[in-house]
Structure formats: C-alpha cells, structure tokens
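> First the structure, then my questions, so here it is.
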Amino acid sequence: MRTLWIVAVLLLGVEGSLVQFEMMIMEVAKRSGLLWYSAYGCYCGWGGHGRPQDATDRCCFVHDCCYGKATDCNPKRVSYTYSEENGEIVCGGDDPCGTQICECDKAAAICFRDNIPSYDNKYWLFPPKNCQEEPEPC
C-alpha cells in the first residue's frame, strides 16, 4: 500500500503522455515503468548521456531518440489515444504529434517486455558519473 501511495504522489502534476506511457508499460510489460525504469542505467529517466549499459537501457536510448525525432511537439506533455486490440497496442487519434509519441512509447514498452531478462539491479539508481562515455548517434 505504501508503494501505491508513493506512485500516486509522484504522478501528481504529471501530464500527458508520461501517465499514458506508464499505463502502456503496465499493459505490455506487466510492470511499472515508474518503479522499474525511471532511474535505470544511463538513459532511463530524465536526461540521458553516455552509452546504454544493457539491452534494457538501450530501450530507453532508442525511446529518447524517437522523442527527439518527433516534430513540432513536446513529447512529455502531449496526450494521445491508443487501444489494445488482440493483445496489440494500436495508436490512434487525429493528432500527428500524439500519434508519433504513442508509437515511440509503444516501441519502448514492447522493448521493455522483450528485454526483461536483461534487467540488472546494478543499473538501478546508476550513478551519472558512470555515464561519461561518448554517446553513440541516434
């Protein structure tokens, strides 16, 4: 119950796709993005630098790159619509920006699910000083 309270407090004031991304990760990977991926490796969480530490961290790197390629929108604030059909996430709606961000989030959620075996607790709360290598291009 305490964990649920912490999650609720952390989500206060969070807008748009961040909440939707959390819900999508829960649906696809069956785990909380906030609790598993918000402070993992060099790229999961706010910011990102250095080289991805493993396949899970690479999911976040690719997600950051995808957000960077989204045109004319603020990825962390735009809302989007999606549905689940036959176990698949389907992005919808009339907003091109929202659709781009939804597709980025969908790819990341699938990547997290597919790379659960690579998750290593040593990368949780990974010190930024360990992320100083030259970053690779998107």
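Positions of Cβ are set from backbone N, Cα and C atoms, glycine also.
Okay, these came from Swiss-Prot:
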SIGNAL    1-16  signal peptide
DISULFID  CYS42-CYS131  disulfide bond
BINDING   TYR43, GLY45, GLY47, ASP64  Ca(2+) binding site
DISULFID  CYS44-CYS60  disulfide bond
DISULFID  CYS59-CYS111  disulfide bond
ACT_SITE  HIS63  active site
DISULFID  CYS65-CYS138  disulfide bond
DISULFID  CYS66-CYS104  disulfide bond
DISULFID  CYS73-CYS97  disulfide bond
DISULFID  CYS91-CYS102  disulfide bond
ACT_SITE  ASP105  active site
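Describe the structural context of these features.
Under the three-state DSSP scheme, CYS42 (disulfide bond) falls in the coil class.
All protein chains shown were included, and the count of other CB atoms within 10 Å of the CB of GLY45 (Ca(2+) binding site) stands at 15.
For CYS111 (disulfide bond), the number of other Cβ atoms no farther than 10 Å from its own Cβ, over all displayed protein chains, is 19.
In the three-state DSSP classification, HIS63 (active site) falls within a helix. With a 10 A radius on its CB, HIS63 (active site) counts 23 other CB atoms from all the protein chains.
A C-beta separation below 8 Å, combined with a sequence spacing of at least six in one chain, links CYS138 (disulfide bond) to ASP64, CYS65, GLY68, LYS69. Look at CYS138 (disulfide bond): DSSP puts it in coil.
A helical conformation is recorded for CYS104 (disulfide bond) in the three-state DSSP classification. For CYS104 (disulfide bond), the Cβ neighbour count at a 10 Å cut-off comes to 24, with all displayed protein chains included.
In the three-state DSSP reading, CYS97 (disulfide bond) counts as helix.
Secondary structure from DSSP puts CYS91 (disulfide bond) in a beta strand. For CYS91 (disulfide bond), applying a Cβ distance below 8 Å and a minimum sequence separation of six or more within one chain yields TYR80, THR81, TYR82, GLY98, THR99, CYS102, GLU103, LYS106.
Its Cβ taken as reference, ASP105 (active site) is surrounded by 28 other Cβ atoms within 10 Å in the chains shown.
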> What is the set of residues, excluding TYR43, GLY45, GLY47, ASP64, whose C-beta falls within 8 angstroms of the centroid of the C-beta atoms at the Ca(2+) site?
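Not counting the recorded site residues, we get CYS42, CYS44, TRP46, GLY48, HIS49, CYS60, PHE61.
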> Looking at the disulfide-bonded residues CYS59, CYS60, which one has the fewest other Cβ atoms within 10 Å of its own Cβ?
CYS60
> Roughly how many Å lie between the Cα atoms of HIS63 (active site) and CYS104 (disulfide bond), rounded to a whole value?
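The separation of the Cα atoms works out to 6 Å.
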> Looking only at C-alpha atoms, tell me how far GLY45 (Ca(2+) binding site) is from CYS73 (disulfide bond), rounded to the nearest Å.
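About 19 Å separates the two Cα atoms.
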> Hey, of CYS66, CYS73, CYS97, CYS104, CYS111, which of those disulfide-bonded residues are within 10 Å of TYR43 (Ca(2+) binding site), Cα to Cα?
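Candidates kept after distance check: none.
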